[in-house]
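Chemist: Feature table excerpt (TrEMBL):
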type	residues	note
ACT_SITE	K189	active site, proton acceptor
BINDING	R171, N426, N470	(S)-malate binding site
BINDING	E261, D262, D285	divalent metal cation binding site
DOMAIN	95-276	domain 'Malic enzyme N-terminal'
DOMAIN	286-539	domain 'Malic enzyme NAD-binding'
Amino acid sequence: MAGGGVGDAYGEDRATEEQFITPWAFSVASGYTLLRDPRHNKGLAFSEAERDAHYLRGLLPPALASQELQEKKLMHNLRQYDQPLHRYIAMMDLQERNERLFYKLLIDNVEELLPVVYTPTVGEACQKYGSIYRRPQGLYISLKDKGKILEVLKNWPERSIQVIVVTDGERILGLGDLGCQGMGIPVGKLSLYTALGGVRPSACLPITIDVGTNNETLLNDEFYIGLRQKRATGEEYHELLEEFMTAVKQNYGEKVLTQFEDFANHNAFDLLEKYRESHLVFNDDIQGTASVVLAGLLAALKVVGGTLADHTYLFLGAGEAGTGIAELIALEMSKQTGSPIEECRPKIWLMDSKGLIVASRIDSLQAFKKPWAHEHEPVATLLEAVQSLKPTVLIGTSGKGGTFTQDVVETMGALNEKPVIFALSNPTSHSECTAEQAYTWTQGRAVFASGSPFPTVELDGKTLVPGQSNNAYIFPGFGLGVVISGAIRVRDDMLLAASEALAEQVTEEHFAKGLIFPPFTNIRAISARIAAKVAAKAYELGLASRLPRPDDLVKYAESCMYTPTYRSYR
């Protein structure tokens, strides 16, 4: 080579030339590579001996900092941010940098950080996902991958996946079609599976199926990260989903739990119905929401009195959440009374955008609404429905904020000594009423729960603590129960077991504060008990494949839970 010197074999100095180079990597994480591996990086917590053994001398400042000190520093930093979205970005950066510290922080500060990594902040994060996107988390499967989905799954580095959360982004929270940017939801859900349910992070796989979006704003956004086309529907859509479900089973086996998340109504019910007999599937919007709301009702009965069958229920909203909750209430009622479910349904009324669902509308109703069409004259408004049906329980799943007006809530208060009012729509801006409104308009008598968190309310010298009917109470423990039992199918009885297990953990002390859900601070213990009940039901139904059955399922569940304390390296 003229002039001597070292040849530029990789072409790095000739940036203008198009050359193929191979991105070689080391197989053993040491030195610089180790510090950039989120699963093994400990930052300043590497000991002197570890710094020597793993070639870290000089790559870190000389100070040593324990995991506890790192946690203290990060919480201090997070609290400096005024914007929840900035906290979210900081948490995502931490997850990509130091996985164990991320989960330690989340577990130890669950009540403060849950609204940051999940609702309500995750909604804003999804809306702006294209702008804040840094590094891929999870797997993106699009229409371009048709015929190659199995190959795409094999690109994911982990082989032993236990839980997949998948969305197609069509109905993200109450925010509508966010297309490919819905990935924030599977990522957030799975971080809760680990933090609250103890499922190993490496066993979790977030997936977004991108079939396009009908959101014009996103299609015109230069930072949008998905396919720039209208949503695929019909045969094209279902063929892609069929290929995906087949590939999941082929690659990960019979026992991988696939959780459908934030699909639009028309697809959510169809997919659950289609795959529940052939795959291990769960829809959190239909089944998880139903299970946590049923738990809240079972606990509320201890305050209000009576059995499930003694009450009359009115729902505003007849989509996935509304009909899912209604069905589970009817199932539990049927189980308690021994009467067929058809006889229990007439206690439950639903309203949609066209008014009360009544028998005279049956021909124009979607299939999932038909079981709720009872004999009654048509009713157009919620206030009229409350006056006519005199419900004891009012549940909002409409996705429309402010729909529980003062008239409606005051009428509930006039009809009932302790009206049960659940305003469940997310995020906070979509809640049917606030905790303060529910308490003020009923002189503090309402038993209230919401989907997103509300602050405590001071009223006439009393402190009222609103319940949060958050799916995070149920799905992490439910998923853990399915995983530890090796269940091969999900059955409604397993959902009822989860509801009962959660309701049992509300104590007299909680009721005294007006709580109908136990505090989140104890969520891992709550999840372990839910997992044990779910696993027990799977064994009882003959659906569990992990044999022999452990003697003490609660202890077994706890022993299977991932703990994010730092490990010592050789």
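Keep in mind that glycine also has a Cβ here, set from the backbone N, Cα and C atoms.
Relative to the rest of the structure, where do these features sit?
Modeler: A C-beta separation below 8 Å, combined with a sequence spacing of at least six in one chain, links K189 (active site, proton acceptor) to Y118, V165, P206, Q259, E261, D284, F475.
The Cβ of R171 ((S)-malate binding site) has D177, D262, F263, A264, N265, A268 as same-chain neighbours under 8 Å, each 6 or more residues away in sequence.
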Chemist: Quiz question: given the binding-site residues E261, D262, D285, which has the greatest number of C-beta atoms lying within 10 angstroms of its own C-beta?
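Modeler: Of E261, D262, D285, the one with the most crowded Cβ is E261.
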Chemist: Could you tell me the C-alpha distance between N426 ((S)-malate binding site) and D285 (divalent metal cation binding site) in angstrom, no decimals?
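Modeler: Given the Cα positions, N426 ((S)-malate binding site) is 12 Å from D285 (divalent metal cation binding site).
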